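Listed in TrEMBL:
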DOMAIN    46-140  domain 'Peptidase M17 leucyl aminopeptidase N-terminal'
DOMAIN    184-492  domain 'Cytosol aminopeptidase'
BINDING   LYS266, ASP271, ASP289, GLU350  Mn(2+) 2 binding site
BINDING   ASP271, ASP348, GLU350  Mn(2+) 1 binding site
ACT_SITE  LYS278  active site
ACT_SITE  ARG352  active site
Amino acid sequence: MELIFKTEEKQEAEVLFLPVLKDNLAIIKLISSFDFRDEQNILLRLKKENFQGNKGDWFVVHNDKQTIVFIGTGQAKKLSAEDFRTTAGYMVAYLRKHHTKKIGLLIKYWLKGTNDLDVLAQALAEGLYLAAYSFDRYKKIDKEAIKFDVKEIFVYLDSLLSGQKAKFIKGWDLGRSLAQGTILARDLVNEPAGVMTPKFLAEIAKNIAKKSKNISVKIFDKEKIAQLKMNAYLSIAQGSPEEPKFIHLIYKPAGKIRDRVALVGKGVTFDSGGLNIKPWEGMVDMKIDMAGAATVLGVFDILAQSDVKVEVHGIIAACENMPSGTAVKPGDVVKNMQGKSIEVAHTDAEGRVTLADSLAYAQKQGIKKIVDIATLTGAAIVALGSQYAGFFSNSDKLAERILKESKNVGENMWLLPLALEYKNMNKSKVADIRNVSEIKGGGAIMAAWFLNYFISEGTDWAHIDIAGPAYAEKEMNSYTPVGGVGFGVRTLFNWLKNI
Ligand code: BES
Ligand code: MN
Ligand code: ZN
């Protein structure tokens, strides 16, 4: 999609898009302002089709050479970045039904002087690229289907002076790279586990590191992992013939570093449950159990072309959780690299056991600010459904910062309590801690407390349980189709950018 800037609309675009609020009078006024030759007919049709400007509805007017699509944006008084993204998603929905290569945006109708041009441009780019995504690598091509195939976007500005164009481009480029990082994460989540192995994830990490001189990567194999005494992680990997790969990405910007942080992603490339095997309904989508890792890789993909001033460590303990004669057995006791012993009472609570070592490793790097992101518990889905991630933190300040970014980008996260009442519920009779609680209920909180056991005093830590929103069973919104969501990429990147 190439941007072409103009100050005056001269019918270069085949389709012009205009957002309209749910306001009948304003819509009629707007249509009149265009001086359509058959205005009366159009207004009659407007009434017959009962177009109100509801979110996602559109009303189409064909001119001599051009089509104008009025897109409803609902009742908002002022359009937010999320409204812009959503509206861009509706544009893509329209363009999947109509062959068009050149579209136009009359910016004065989009902004109404109330929002920043770069905010608009960024949100439009995110919405357009994300909505246009589909994972069809394994499908035969439907020759009849209309493809979203926009080549040129005509951007009509009031003037090209005062840096307007530069501002638009800056926002657009950021939005596009945020979308690209998210799309990488979606691709990784959507890829079946037969391909998406720990080794495959490690290759992706290497490719990202190649893209930037600021990024380096270390990949540890089984022997090295054993040397580092990450035996909790190894115990989960031991049931599979696929070798574990421990991935450590490092982004080091030139110049003065503002902070050092770690992003830790759960990277279970397939979760069968292990010997406590899952029923088929529970297992069928478990290729997604590396979505946290995918998010971390998506963020690094954006970092590769950024000027973020924070040192970032990406940490992924990738493995498969499989049942076999060599698999970890319920009741086994294993130690993580800090020497803390874990009773693996339930082999399907494997993510937290791998994270016990990832979190320990992150702290061993001397990092005092850690965010982990993981498809950790079905209980988080019970609590919040599929549109919200469960968010936990031992630092109110860190929580506030990340939750603010998540709101801005439209990735829903909800603060759940690290309730002191439940702190010691993961008690074990034989080890320092047990990977499941004997107490029923509150599973997402119990899992968060388990992770917290491996966080030392003085480390700020946040935990994002994305079991729900990592994967969209139904379209999540107009720019998030069925499949991997790439959830958290945009929130975490913006958080790093604004540290
Ligand atoms: N990967 C699952 C959690 C999950 C479930 C993610 C559904 C996405 C969708 C995790 O490893 C798991 O199996 N958790 C168990 C924990 C239980 C055994 C304490 C669960 O939630 O049932
Ligand atoms: Mn599991
Ligand atoms: Zn799992």
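Using the three backbone atoms N, Cα and C, a Cβ is placed for every residue, glycine included.
Positions of TrEMBL features highlighted on the structure.
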residue	record	Cβ contacts under 8 Å, 6 or more apart
LYS266	Mn(2+) 2 binding site	ASP289, MET290, ALA291, GLY292, ALA293, GLY351, THR354, LEU355, ASP372, ILE373, ALA374, THR375, LEU376
ASP271	Mn(2+) 2 binding site	LYS278, MET283, MET286, ASP289, ASN321, ASP348, GLU350, GLY351
ARG352	active site	LEU376, ASN435, ALA447, PHE450, LEU451
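Checked against ligand 2, the recorded positions LYS278, ASP289, ASP348, ARG352 give ASP348 as the ones with a Cβ under 6 Å from it, listed in sequence order. Among the recorded positions listed (LYS266, LYS278, ARG352), none has a CB atom closer than 6 Å to any atom of ligand 1. In this structure, the recorded positions that sit close to ligand 3, with a C-beta under 6 angstroms from any of its atoms, are ASP271, ASP289, chosen from LYS266, ASP271, LYS278, ASP289, ASP348. For the binding-site residues listed here (ASP289, ASP348, GLU350), the lowest count of other CB atoms within 10 A around the CB belongs to ASP348.
DSSP gives ASP348 (Mn(2+) 1 binding site) a coil state; it is part of no helix or strand. Taken together, the residues of the domain 'Cytosol aminopeptidase' (184-492) have an average pLDDT of 98. Of all Cβ atoms in the protein chains displayed, 16 besides its own lie within 10 Å of the Cβ of LYS278 (active site). Those residues of the chain, other than ASP271, ASP348, GLU350, with a C-beta within 8 angstroms of the mean position of the Mn(2+) 1 site C-beta atoms are ILE236, VAL268, SER272, GLY273, GLY274, ASN276, LYS278, MET286, ASP289, ASN321, THR347, ALA349, GLY351.
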